[in-house]
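What follows is a set of notes on a single structure, which appears directly below.
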Amino acid sequence: MLYLIHRVKEEFMMQKLTSLTSPLELNNGVKIPGLGFGTYQTPADVTYDVVTKALKAGYRHIDTAFLYGNEEGVGKAIKDSGLAREEVFVTSKLWNTDRGYDKTMAAFEKTMANLGLDYLDLYLIHWPANHKQFGDEAEKINAETWRAFEDLYKAGKIKAIGLSNFMPNHIDALLKTAEIKPMVNQIEVHPGWPQTEAIRYNERHGILTEAWAPLGEAAALSNETIAQIAAKYGKSTAQVCLRWGIQQGILPLPKSVHEERIIQNTDIFDFELTEDEMDIIGALRNLGGQCKVPDQVDF
Ligand SMILES: NC(=O)c1ccc[n+]([C@@H]2O[C@H](COP(=O)([O-])OP(=O)(O)OC[C@H]3O[C@@H](n4cnc5c(N)ncnc54)[C@H](OP(=O)(O)O)[C@@H]3O)[C@@H](O)[C@H]2O)c1
C-alpha cells in the first residue's frame, strides 16, 4: 500500500531515475543529479582524494557542509577534475552558530572561499533553531536566516536554497514569512527511520527530500531482512538501502572513503524492488543511525 502511494507520486513527478546522473527537477526548474555523494566525517586530509575518486566513479553531485571542515578538499577536487563547473552539483550548509541575517551572509562568503568556486548549486540551513534552545525567538531566527538565503539566491550566488533537518512544524512557521519556497529539505532517512510523514509533507509542498545517512551510518547494512532481499538480486545491502530511497522519489547521499564502496553505491539502476519489498523495508524499525529529533537537539 505504502509503495503504491510512492508509485503514484513517482509517475506524477515523471522523474524516474535510470542512471547516476539522471536529474530530478527542483521547484525552481534547477536540475539535480538524483544520487549524491556524502562527505560527513571524511577527514579533510583525504577529502581531495576521496572526492576525486567519486567524480571518477561518475558522481556529479557532492554534499558537504561548513561543519565538516572539508569544503576546501571538495572544491579543489572539482577544480582539478577537468569537468566543467556546471557539470558538478555542489551543496554546502550553514552551521548553527552562524544563524541570523548578517552572520549568514558572512558564513556564506567563508564557505565560498573554502570551496574556491564562484557560485554554489545548493545552500542549506543545516538545522532549524528550535524552541528547546531559543524559546519563542526560534521562529524569528529561522526567518532571518532564510531572508539572507533569499537575498543570496536573488543575487545569483546560489542556484537553489533549502533546509536540512526541518520538520513540518518548522517549515509551516518558515512559510509564514518566506518569499521564496525552499527547494530541498535534507533529513535523516534510512531503513529503520523512514520519516514517512516528513517526506509526505515535503512532497505536498513541492520540496525535494534528500536522505542523509541513507545507510543508517552503516547500521542498516547488517539487517537480515535486507540481506535476504539483497541476495535475491545479487546486490549488497547498501545497494538495496539506496534503491529503497530512489524508488520513493527521494535523493540519497551515501558516504564512503573506500573506492570499491564508492563504486558499489552507484550500481543501483539495474534492479527494482517489488511493492512488497518496499513495504517490508519501510516497516523495519530500530536498526541504528542517529535518529535525531530536531526539536530535541542542543546544538
Ligand atoms: N544534513 C545533516 O544534518 C547531515 C547529517 C549527517 C550526514 N549528512 C550527509 O549525508 C551523508 C551520508 O550520511 P552518513 O555519512 O552519516 O552515513 P551513510 O552514508 O548512511 O553511511 C556511511 C557509513 O557507511 C559505510 N559504507 C558506505 N558504503 C558502504 C558499502 N557499500 N558497504 C559497507 N559500508 C559502507 C561508510 O564507511 P566507509 O566510509 O569507511 O567506507 C560509513 O561508515 C553525509 O556524508 C553527509 O554528506 C547530512
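Just so it is clear, glycine is given a Cβ too, placed from its N, Cα and C backbone atoms.
Database features, via TrEMBL:
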- 36-284: domain 'NADP-dependent oxidoreductase' (DOMAIN)
- Tyr68: active site, proton donor (ACT_SITE)
- Lys93: site 'Lowers pKa of active site Tyr' (SITE)
- His126: substrate binding site (BINDING)
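Known features from TrEMBL, placed on the structure.
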residue	record	DSSP class
Tyr68	active site, proton donor	helix
Lys93	site 'Lowers pKa of active site Tyr'	strand
His126	substrate binding site	coil
Listed in sequence order, residues with CB under 8 A of Lys93 (site 'Lowers pKa of active site Tyr') and six or more positions away: Thr64, Ala65, Phe66, Leu67, Tyr123, Leu124, Ile125, His126, Ser164, Gln186
Spatial neighbours of Tyr68 (active site, proton donor) that are distant in sequence (at least 6 apart) but have CB under 8 A: Thr39, Tyr40, Gln41, Thr42
Cβ neighbours of the residue listed as 'substrate binding site' where a neighbour is any other Cβ within 10 Å: 19
